[in-house]
Amino acid sequence: MTESPQAHRKDEHLSLGVSLWRDTTPKKQIGASFDDIRWLPNTFPEMSIEDVDVTTNLFQHQFNWPFYIEAMTGGSALTGRVNGQLATVSANTGLAMAVGSQSIALKEPSQATTFKIVRQRNPEGFIFANLGADHPIANVRDAIDMIDANAIEMHVNVAQELVMAEGDRQFKWLDNLAEVIAKSPVPVIIKEVGFGMSVATYQTIAQLHPAAINVGGANGTNFAVIERRRNRNDDSFNIDNYGLSTVESLISAQLAQNALPLIATGGIQNANHIVTSLMLGANLASSAGFMLQTLMDHGELDLTKQILDWQQALPRLFTLLGAKNIAELQQNQPLYSNSLQNFISQQKKRS
Ligand SMILES: Cc1cc2nc3c(=O)[nH]c(=O)nc-3n(C[C@H](O)[C@H](O)[C@H](O)COP(=O)(O)O)c2cc1C
């Protein structure tokens, strides 16, 4: 069956996203990375690993693990199969999972099965629906119903759209988001897709009162690069180095005195990154490109093993730092590199 241009785009995002992560040449880092943060050693934890509780409460739900598989796929035959595999892995490891944008399934109802498979394979799991910030409440309800979602991510992706040759050029989202947040039957998360959030953005989002913010920072999947590659590396519009990293976005939330729950996404590729994100104020973390590349290159079993490794590492890392739970972990004050310190002092001068 020939698929629509939108379905073809899903396949291109998948293959380019995977090859970006597969690329072993060191990627240029945007701003401060996880390596700019060091943990202080705790010589006397005075606890045992059995005392550790890594669960996190959000949306009146207890998540067994403080990380999940982030939004990527669905909308074509290939990405539907990938959604099914990710859902099987999430069910077997007790992780929550987000589906990719369901916009295509609202336009092409035959593609709904490529999302519904996630609920079929993980009937008890916590599943996030996903749509762009311009979708009205009627679409939001349809997307939630399609997969019996527990929450919905509304993605904000100005930078991606502007690089995309066929992307949107008009971005008037705030009134719509306010209506969606007021009327959605499930919690609404406002989610960036890898360009991060500044102090001013958090202050704007605070007025909307969403259930949570996904900071979606740089240094993981880079949609400026992916969209340029889709466009034969067109260099006439190049924002490859644009954005704030996940670390900088989390610190910006602190500087903005953000009181909303935070989800850390962008470049998370080991348990240490999850711990650092929690320490910087996140309630949950999530990983997209790294999980996808592991699945596509090594298969379901290896992705399952990777996740089990993270799940085993977390209580050990909490013990290392003398933290019985996330609240205690957040008492730790990490050390910042000079460049991160510089970022913070420039931000403080402005706020
Ligand atoms: C192939 C692919 C497709 C994606 N599609 C979506 C999407 O449909 N909706 C969305 O909100 N984010 C989407 N994302 C962005 C991720 O959810 C995440 O915010 C971003 O990749 C940064 O996380 P990472 O560095 O762990 O990949 C996609 C990412 C990838 C790799």
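Glycine is no exception: its Cβ is also placed from the backbone N, Cα and C atoms.
Please treat TrEMBL annotations as automatic predictions, because they have not gone through curation.
The shown structure was predicted, so the numbers you read here are calculated from the model rather than taken from an experiment.
Record check, TrEMBL: FMN site residues include A71, M72, T73, N130, K191, T221, A288, G289, and the candidate from S33, S101, S249, S252 also listed there is S101.
Sequence-distant neighbours of A71 (FMN binding site) (same chain, six or more apart, CB under 8 Å from its CB) are A98, V99, G100, S101, F128, N130, E153, H155, K191, A288, listed in sequence order.
Remark: of the binding-site residues T73, N130, Q160, T221, the most isolated position is Q160 (fewest other Cβ atoms within 10 Å of its Cβ).
Each residue in Q6, E12, H13, S101, M164 lies on the same chain as R9, K10, Q160 and has a C-beta within 8 Å of the C-beta centroid of that substrate site, without being one of the site residues. Here the binding-site residues are R9, K10, and the one with the most other Cβ atoms within 10 Å of its Cβ is K10. According to DSSP, N130 (FMN binding site) sits within a strand segment.
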